[in-house]
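The active site, acyl-thioester intermediate annotation in Swiss-Prot covers CYS91 and is backed by sequence analysis. According to Swiss-Prot, the feature active site, proton acceptor maps to HIS343, CYS373.
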Amino acid sequence: MEQVVIVDAIRTPMGRSKGGAFRNVRAEDLSAHLMRSLLARNPALEAAALDDIYWGCVQQTLEQGFNIARNAALLAEVPHSVPAVTVNRLCGSSMQALHDAARMIMTGDAQACLVGGVEHMGHVPMSHGVDFHPGLSRNVAKAAGMMGLTAEMLARMHGISREMQDAFAARSHARAWAATQSGAFKNEIIPTGGHDADGVLKQFNYDEVIRPETTVEALATLRPAFDPVSGTVTAGTSSALSDGAAAMLVMSESRARDLGLKPRACVRSMAVVGCDPSIMGYGPVPASKLALKKAGLSASDIGVFEMNEAFAAQILPCIKDLGLMEQIDEKINLNGGAIALGHPLGCSGARISTTLLNLMERKDVQFGLATMCIGLGQGIATVFERV
């Protein structure tokens with residue numbers, strides 16, 4: 001079986017969805033920009049030698065519809081002979097895109113793929129066109145379709161207080177801002193064209209979603225966003241709304257070596273699981289455990305974790321049940337997470353994996369794990385190993 005390696009990984013800055021940097025930039029353009037950038041950064045690989053493009057996107061309508069993967073590839077002037085497919089596993093879409101490409105390479109059906117994802121939540125809102133079948137309520141609580149209420153449920157089940165949530169959210173912003181100031185994101189962010197507040201076209205090379213002024217005291221003043229009577233989850237402890245894309249160059253180890261491209265890491269194992277939709281945010285726990293089992297590892301073997309921060313009330317129970325509460329500041333989301341950077345749905349799996357690879361190199365650790373919860377009750381995880 002072929003060894004699957006990550007040769008390169010990049011992302012756009014994360015733009016605010018409401019009047020942000022990418023308010024006049026389409027999702028296809030964000031995607032095409034990264035496709036072109038990956039190929040330009042790795043000239044030893046001819047674009048025509050790509051076997052496929054796997055691109056995650058959740059709201060596949062309007063500008064994100066009609067196979068955005070192919071549309072973006074055409075905009076990027078990837079040769080017409082290279083196919084492309086859009087992948088949808090809701091929040092896990094671009095990580096699923098990685099898994100799909102990895103399996104193609106493992107079986108010998110592909111040697112080189114572009115992988116990534118995008119979501120422009122300013123242009124195509126998360127709830128646009130949603131129409132759940134009324135019969136679902138016979139088997140699943142109606143609130144399972146309301147992500148904020150699933151986070152409230154997890155908080156109550158696991159004893160996650162409002163104070164714990166506020167502290168974690170403040171940490172996310174502080175860590176993300178520190179990473180920005182120190183240049184920790186420089187190796188992953190590709191400057192991307194957008195418009196500033198005055199409408200002037202400029203290149204953005206930083207995440208505009210981060211709020212460095214965030215404090216626990218300020219967060220404590222916010223009202224519950226989803227359960228106004230007894231809730232603890234606020235807008236400040238939820239992932240921000242943002243627009244962005246992320247991309248990876250994934251190859252067989254043999255092809256990378258033949259081309260003189262240095263692999264950054266290999267895919268050690270992959271897992272996806274289902275869980276109760278009413279606590280959809282718990283999915284990373286069984287997914288991570290299964291991925292670790294497949295890799296022959298334990299949580300203690302992992303040097304760095306990237307766990308998508310859908311809500312502070314969601315990620316804290318996952319950290320707790322993976323036995324990592326005492327290691328948060330040493331291993332978990334060291335550059336902040338989606339509470340500060342936002343969670344562009346189809347982008348996030350590739351985004352957290354990209355950040356993870358850079359952290360693994362900076363911290364000089366052998367193993368890293370990226371995982372995320374998925375709406376309606378799923379979890380997805382990937383174990384990476386440096387090579």
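Cβ from N, Cα, C; glycine included.
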Neighbourhood of HIS343 (active site, proton acceptor), C-beta criterion under 8 angstroms, separation at least six: CYS91, SER239, ALA240, LEU241, SER242, ASN308, GLU309, ALA310
HIS343 (active site, proton acceptor) in three-state DSSP notation: coil
CB within-chain contacts under 8 A for CYS373 (active site, proton acceptor), separation at least 6: CYS91, MET280, GLY281, TYR282, GLY283, PRO284, ASN308, ALA310, GLN314, CYS318, GLY379
For CYS91 (active site, acyl-thioester intermediate), the number of other Cβ atoms found within 10 Å of its own Cβ: 32
